[in-house]
Amino acid sequence: MSVRNRVVLAPMSGVTDMPFRELAWRFGAGLVVTEMVASRELVNDTAESWSRLKAAGFRPHMVQLAGREAHWMAEAAKIAADHGADIIDINMGCPAKKVIGGYSGSALMRDPDHALGLIEATVKAVDIPVTLKMRLGWDENSINAPDIARRAEASGIQLVTIHGRTRMQFYEGRADWDAIRAVREVISVPLIANGDVETAHDAQEILRRSGADAVMIGRGCQGRPWHAGVLAGAAEPRREDIADIAVEHYRMMLDFYGEAVAIRHARKHLGWYLERFAPALAGTEKAGIMTSRDPREVAARLYHALDAGALDGREAA
């Protein structure tokens with residue numbers, strides 16, 4: 001398993017769709033991961049799962065699967081591999097109530113034996129690498145990531161990613177980069193460290209303190225699909241080019257989803273661009289961009305807002 005640099009774009013549900021991954025890759029991310037694909041939905045052939053599975057025009061194509069039942073995960077892994085996946089990532093880190101309510105994501109950390117059975121079934125189902133993403137544990141009284149990682153490696157997992165929080169922390173407080181080192185000490189496969197990485201200094205520090213081989217960045221890329229590449233050493237886009245990037249991103253979503261769906265999906269992305277690069281935008285102007293159902297009007301208003309943000313010099317860092 002080889003990657004072009006040590007900065008990985010995290011899988012983010014509702015964010016890292018194919019247009020976002022294409023941009024992140026173009027701007028220099030070392031590896032990108034799909035949104036979480038629900039294993040049972042993929043096996044049952046739902047349109048949303050197929051949308052999330054689609055590969056962009058580069059390799060490796062890394063697909064993240066989530067589920068509770070070993071047989072669904074194994075079947076979904078086979079389907080993903082048959083449709084171009086180069087790497088399967090098992091989600092044991094998602095803290096969302098909807099996901100843990102189905103006893104998947106980080107809920108699996110409460111039942112390590114069950115989780116290991118699921119991991120073994122997935123590894124045996126495919127001939128491509130299988131990796132694992134998880135948190136430190138369910139809560140501060142059950143920090144079991146080192147034990148699960150050690151057993152997962154013995155079961156054939158070829159890479160482990162750790163987010164430096166427990167499930168009960170959700171995204172509160174600060175990620176514990178030092179705690180990730182306990183996983184580094186018990187596995188020999190590559191380790192990726194994740195959590196609260198915003199700057200190049202953060203990336204250097206999390207690698208130093210965790211002993212990890214690579215860093216994963218998620219929320220820091222929202223409104224900045226180029227940011228993983230920048231942390232890996234690529235040039236920061238010029239401020240006067242931000243409007244072009246944002247509008248291109250919007251048009252890529254229109255092409256991928258079709259107008260009706262894209263307008264809805266794009267709102268969060270447009271909001272992030274505006275928050276970062278046009279924070280002084282009047283509420284009525286922002287509302288006009290966010291609620292318009294006319295793609296040409298959205299593009300024109302977005303250009304105006306982001307170009308004005310560049311001129312007035314008040315954009316957020």
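Using the three backbone atoms N, Cα and C, a Cβ is placed for every residue, glycine included.
Between the candidates Lys124, Lys133, Swiss-Prot assigns the FMN site shared with Pro11, Met12, Ser13, Gln64, Asn194, Gly195, Asp196, Gly218, Arg219 to Lys133.
Cβ neighbours of Gly195 (FMN binding site) (same chain, under 8 Å, six or more residues apart in sequence): His163, Gly164, Arg165, Ala175, Asp176, Trp177, Ile206.
Geometry remark: Cys94 (active site, proton donor) versus Lys133 (FMN binding site), CA distance 9 Å. Within the group of binding-site residues (Pro11, Gly218), the Cβ with the highest number of other Cβ atoms inside 10 Å belongs to Pro11.
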